[in-house]
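To start, the structure under review is shown below, and the notes come after it.
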């Protein structure tokens, strides 16, 4: 069989196969095609007591066979199988007699190798969907004929390869194929993530029933492994740990304290000016109770005026650099994160100097988690993952320190829920372990900074599509070319649901002139936000349905919000100039305080994984004839429920959170001077990330 996607085999193909000296009898190899969820597959397999190892997609088939792997799982990825830059792989992996499960991109690879075709279709699927399954197929044994799964793809199988049959469908789209005699299976959805309700059953069927794994691999004691790693790397040196007070950095510090002598650990909390109300004070008090002495540094001024070096442009491949604007004049989310991350390191170096320590003898410790590295496309996590957003603890400067071996990240293979379990094993108090996550850059990435509106050429047409969707029951009576596009992108079931919703409720749907970061098809997207308003009381189930449907039809939208209050008559087309100034931050800080205080008092904080409160530069309810300038801002409440922060869903008012709790938040936030409207984020992940930036 010929080599695929490349004229010759890459020089390093198979070179990362653990030096070729290991034997993995009974284990599963995960070939990494660059999916954001690659490490989640590894984790899910190990949860089922089967050993798994992650190797590059280009690993040759003979190496996999020689190493004794029992089965192969191919991850998803951001590429198209027909793209010129599609990653190379050895097609013989499908013919060495090993059971193969191809996920998303992996399924498309499998189909193409055996003569099938893959096309980029008009319908993009990003979110949770009901799909039909053939539950007589070994992979789906024990499941219902309809299951809820996560789909996130633009390319779809068109012609199914000879010898394969379709075993799952999402409407008219192929969602699963199988050649049972050869034990080759492909699924377009992601069984590894929590949003696929019975994904674990599918993986168990593959591992046990199809591949014949024994399930005798038990996970090592992670705490002891972390402590061993810290001792081995640090020796007698000092470690500077940057403490935010959140669960990640606190567990990291507790591990350092357990592994090293107390005088080796220097715990520093840097108040960057973007903390929540009274945050630094409460952090210091909480950690003192744990016996951890913390040096608190007020560095707000340094951060507000911080800069970093950046490439001349995104297209410039030369090493030439430019100095960024100061943080308080920067609007780019990526540049904000990079400035904040590099300023953290600069201040850490200043602390080292003030304490008369030798920089070459001091390590920097961080509570970096696996999702941080995956979303930053760090090689530590995945060789091919597409950049979603730069994390403040995985900037270019941090990566340089990491290459020099100067960064300690004992939690780099952990997900959030695993860190909480580890924290309990370390006897940390429950109130600290169960805290909602708060990003290191703090409120800085919860302010949507902008000088001008985000309006591209597709703005008017997209707005017209949204009008058709919001008034679908009336639109079907007036044939329009865009109506045909809407119908082409939706199933009959979707259209029936749209008819029902729009005939019962009076809705407006329109674009907001701002952009937020999302993840669509394993790639980063900076896209529009769709706003929905209504004169009726919100029907939350219907709104959640629309939030799933709209990004599927309009690929330039990655987030949908409901706007509280009367119908929006004139959607804003300009923005209030917004930067990271003290006044802007004070407004958001108060809104965040009010919302979280109400959530805590309601007793529902434990039901919600995280609740970012976002300040946007949008001023509603202005009469265009009076030409009133945009001077107010609006707040978004982003409830989020997840087990691993790789995928998740919003809390539906009336289900996971009482409607009256949400309305109380709206009432209290509206009292803050300068607030125009309150919005509720209806978006799952994907297509929207947890944070807006």
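Numbering starts at 1 and runs along the chain as displayed.
A Cβ is built for glycine as well, from the same backbone N, Cα and C atoms used for every other residue.
Annotated features in Swiss-Prot:
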type	residues	note
MOD_RES	2	N-acetylalanine
MOD_RES	8	phosphoserine
MOD_RES	9	N6-acetyllysine
DOMAIN	27-216	domain 'Glutamine amidotransferase type-1'
ACT_SITE	104	active site, for GATase activity
ACT_SITE	190	active site, for GATase activity
ACT_SITE	192	active site, for GATase activity
DOMAIN	217-435	domain 'GMPS ATP-PPase'
BINDING	244, 245, 246, 247, 248, 249, 250	ATP binding site
MOD_RES	318	phosphothreonine
MOD_RES	332	phosphoserine
BINDING	337, 522, 610, 685, 691	XMP binding site
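Here the features listed in Swiss-Prot are placed on the structure.
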residue	record	CB count, 10 Å
104	active site, for GATase activity	26
190	active site, for GATase activity	28
192	active site, for GATase activity	29
245	ATP binding site	22
247	ATP binding site	24
249	ATP binding site	24
250	ATP binding site	28
610	XMP binding site	19
685	XMP binding site	25
691	XMP binding site	20
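All protein chains considered, the CB of residue 246 (ATP binding site) has 20 other CB atoms within 10 Å. Looking only at Cα atoms, residue 247 (ATP binding site) sits nearest to 610 among the recorded positions 190, 332, 337, 610, 685. Separation of the C-alpha atoms of residue 104 (active site, for GATase activity) and residue 248 (ATP binding site): 31 Å, rounded to the nearest whole number. Of the recorded residues, residue 190 (active site, for GATase activity) and residue 337 (XMP binding site) place their C-alpha atoms 29 Å from one another. Among the recorded positions listed here, namely 192, 248, 610, 610 has its C-alpha nearest to that of residue 332 (phosphoserine).
Summary: among the recorded positions (244, 332), the fewest other C-beta atoms within 10 A of the C-beta are counted at 332. Take the CB of residue 337 (XMP binding site) and look out to 10 A: across all protein chains shown you find 25 other CB atoms. DSSP gives residue 685 (XMP binding site) a strand state. There are 24 other Cβ atoms within 10 Å of the Cβ belonging to residue 248 (ATP binding site). Taking the mean position of the Cβ atoms of 244, 245, 246, 247, 248, 249, 250 as the ATP site, the remaining same-chain residues with a Cβ inside 8 Å of that point are 243, 251, 252, 367, 435, 438.
Rounded to a whole number, the C-alpha distance linking residue 250 (ATP binding site) with residue 610 (XMP binding site) is 18 angstrom. A Cα-Cα distance of 16 Å separates residue 245 (ATP binding site) from residue 610 (XMP binding site). Ranked by CA distance from residue 685 (XMP binding site), the recorded positions 192, 244, 246, 248, 249 have 192 at the top as the closest.
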